[in-house]
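So Swiss-Prot has the following annotated:
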type: TOPO_DOM; residues: 1-8; note: topological domain 'Cytoplasmic'
type: TOPO_DOM; residues: 30-42; note: topological domain 'Extracellular'
type: TOPO_DOM; residues: 64-74; note: topological domain 'Cytoplasmic'
type: TOPO_DOM; residues: 96-232; note: topological domain 'Extracellular'
type: TOPO_DOM; residues: 254-270; note: topological domain 'Cytoplasmic'
type: TRANSMEM; residues: 9-29; note: transmembrane segment
type: TRANSMEM; residues: 43-63; note: transmembrane segment
type: TRANSMEM; residues: 75-95; note: transmembrane segment
type: TRANSMEM; residues: 233-253; note: transmembrane segment
């Protein structure tokens, strides 16, 4: 019985440690400029990480103090949390699978088409009901102004692969419009305005830029997709470890109960 409880305590400690990368991934996502504006996807992972931390601590105390009730609560709650984490992972994978990016000849960065992203993201993140608020939030960030500090010449800008999807979509006009580069957020004399409806929406007003463009909406979704795919990799590894820990903990708990039953039987209590 003591050996089984000690094993369960160690496993709960491991589960508790697993909550750290989950919470850290959520905080990292929430700290990004785009996620600061998109409240819908902001905190689910953080909340799950904190709940796993609390439940794992409960299980650790239950195993350390030989409290079967706490262990039973731990096993029940952890099963629910692992299930919820799997739902979040599968959901995030499905809605971020479509990729609206495309390469532009002579450019180190990609550009983005809104049509290439999932319908769920388009309908729930960048729909007309939400975009006014998102646009104002993005305009208040340092996403576009910092480009003028990082890139001086056109060659530097055009060859860079470090420009984020959000910057590519919101801070400059689409390449097809044929605007001439002055600086990363100032473009003049377009040669092909009919190439894209966004060509007419571009403004050199630094509070406007291409925030009203479909390319900006696509860039925002491109950023979300890129960040969630990175976070998903960490979460997948963590959830595999959590499932492994949970299965062993269930087995140890069941064996401990069986040993306790046999011990009572031998003592004539049953």
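Including glycine, each Cβ sits where the backbone N, Cα and C put it.
For the listed features, I'd like the structural context: burial, neighbours, distances.
For the transmembrane segment (9-29), same-chain residues at least 6 beyond its ends with a Cβ under 8 Å from one of its own Cβ atoms are 35, 41-50, 52-53, 56-57, 59-60, 62-64, 74, 78, 85, 227-228, 231, 234-235, 237-238, 241-242, 245-246, 248-249, 252.
Sequence-distant contacts of the transmembrane segment (75-95), counting only residues of its own chain at least 6 positions beyond either end whose CB sits under 8 Å from a CB of the stretch, comprise 15, 22, 44-45, 48, 51-52, 55-56, 58-59, 118, 120-121, 228, 231-232, 235-236, 239, 242-243, 246, 249-250, 253.
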Could you tell me how many residues in the topological domain 'Cytoplasmic' (64-74) are helical, how many are strand and how many are coil under DSSP?
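Helix (H, G, I), strand (E, B), coil: 8 helix, 0 strand, 3 coil.
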For the topological domain 'Extracellular' (96-232), how many residues does DSSP put in helix, in strand and in coil?
67 helix, 13 strand, 57 coil
